[in-house]
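Chemist: The structure under discussion is supplied below as structure tokens; questions concerning it will follow.
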Amino acid sequence: MIISAASDYRAAAQRILPPFLFHYIDGGAYAEYTLKRNVEDLSQVALRQRVLKNMSDLSLETTLFNETLSMPVALGPVGLCGMYARRGEVQAARAASAKGIPFTLSTVSVCPIEEVAPVMNRPMWFQLYVLRDRGFMRNALERAKAAGCSTLVFTVDMPTPGARYRDAHSGMSGTNAAMRRYWQAVTHPQWAWDVGLNGRPHDLGNISAYLGKPTGLEDYIGWLANNFDPSISWKDLEWIREFWDGPMVIKGILDPEDARDAVRFGADGIVVSNHGGRQLDGVLSSARALPAIADAVKGDITILADSGIRNGLDVVRMIALGADSVLLGRAYLYALATHGEKGVANLLNLIEKEMRVAMTLTGAKSIKEITRESLVPSPEFTSVLADLPAASAKPKQDDAA
């Protein structure tokens, strides 16, 4: 199969993966309205073409949390990566490190912190949820710090799991799920050999290290369901600051007021995100939410964005809408499932090339030159910004908590 875009990796991954794994990452919450709008809204953002600008010295390099990135992209946290390729987190981390960008390890990764961090030539990022088991949280933070992780990505949009109907149909959950998964595995021989047989242990490495016993897929579903904490508040983040003195990024912001709260709290960054449309269906796409949030807090806090990003054009669009950098999720997992580390490396090269083309043809020589001026207020773009809540003034210095 010819691979020329991220969409090709998705098609390839669908053939390789057992349905329960493909649909787990490909699907969203409820009717998947927000999942679709993430991609559609972003694709409607029109770039302003400029010519004769002498783009010979174009650079994608940027700085984020005192780290130099070869381009404004990081691999975001995705659970169960090691079920999509043999020791998947390790392979993805190697590809990111070789490209000069961050890799973010999920709390619910297959490979533990101690296995992934050493393969990188730059500090790893670590993602954490607020969970009822505060002992686990403290243990994870201490281990991440000991492994040299530089940045904590704190996911706050999962006080309860979203309703993902696809999972019940695909075999990830529901009646006779284990038997259905087994049958799917034996009928997908490439995955069965690479991951099913040779990718063991199929374990939640970070959780197993804490509990002192193996944890499989059923444990993953049950442990998380019982540990998400609906009482989460800003006080929990204050508690985390006792154990983490590095950069902290709050992931799951969709409202300008929450963004202002993150500034008041003293967070180093936010991720404008709806969890890839996997939590609450019907909320704003990240592309719709981002401009008002940027108007409210740009310059006061680092802004990252995810959800709906499929190529280098989308990266440029998100930056023009107000992001400083972006996180990739599904796009790199499809590539990982298809060709492992080489697939992720190739995807990142494709994204870089697409960004260079977009920047060359919009006259932006550097990431800082990608602004709202890089966009044209076409009918499609206007529809993306329509009905956004008006951004009020930034909080005064005296208002900071």
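Sequential numbering from 1, following the chain as shown.
Using the three backbone atoms N, Cα and C, a Cβ is placed for every residue, glycine included.
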Chemist: Per Swiss-Prot, which one of ARG50, ARG94, ARG164, ARG310 shares the substrate site with TYR24, TYR129, ARG278?
Modeler: ARG164
Chemist: Report the nearest neighbour of ASP314 (FMN binding site) in space among the recorded positions TYR24, TYR129, ARG164, HIS275, ARG278, comparing Cα positions.
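Modeler: For ASP314 (FMN binding site), the spatially nearest of the recorded positions is HIS275.
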Chemist: Given a separation of at least six residues and a C-beta threshold under 8 Å, show me what packs close to GLY322 (FMN binding site) in the same chain.
Modeler: LEU290, PRO291, ILE293, ALA294, ASP295, LYS298, ILE303, ALA305, ARG372
Chemist: Which secondary structure state does DSSP assign to VAL326 (FMN binding site), in the simple three-class scheme?
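Modeler: The three-state answer is strand.
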Chemist: Could you check which of the binding-site residues SER106, ARG310, ARG330 is the closest Cα neighbour of ARG164 (substrate binding site)?
Modeler: ARG330
Chemist: Give me the non-local Cβ neighbours of TYR129 (substrate binding site): same chain, 6+ apart in sequence, Cβ-Cβ under 8 Å, ordered along the sequence.
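Modeler: When sequence neighbours closer than 6 are ignored, TYR129 (substrate binding site) has THR107, THR155, MET158, ASN227, PHE228 within Cβ distance under 8 Å.
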Chemist: What average pLDDT is reported by the model for the domain 'FMN hydroxy acid dehydrogenase' (1-380)?
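Modeler: Computed over the domain 'FMN hydroxy acid dehydrogenase' (1-380), the mean pLDDT is 95 on the 0 to 100 scale.
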Chemist: How many other Cβ atoms are found within 10 Å of the Cβ atom of ARG330 (FMN binding site), counting all protein chains shown?
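Modeler: Cβ-Cβ neighbours of ARG330 (FMN binding site) within 10 Å number 26.
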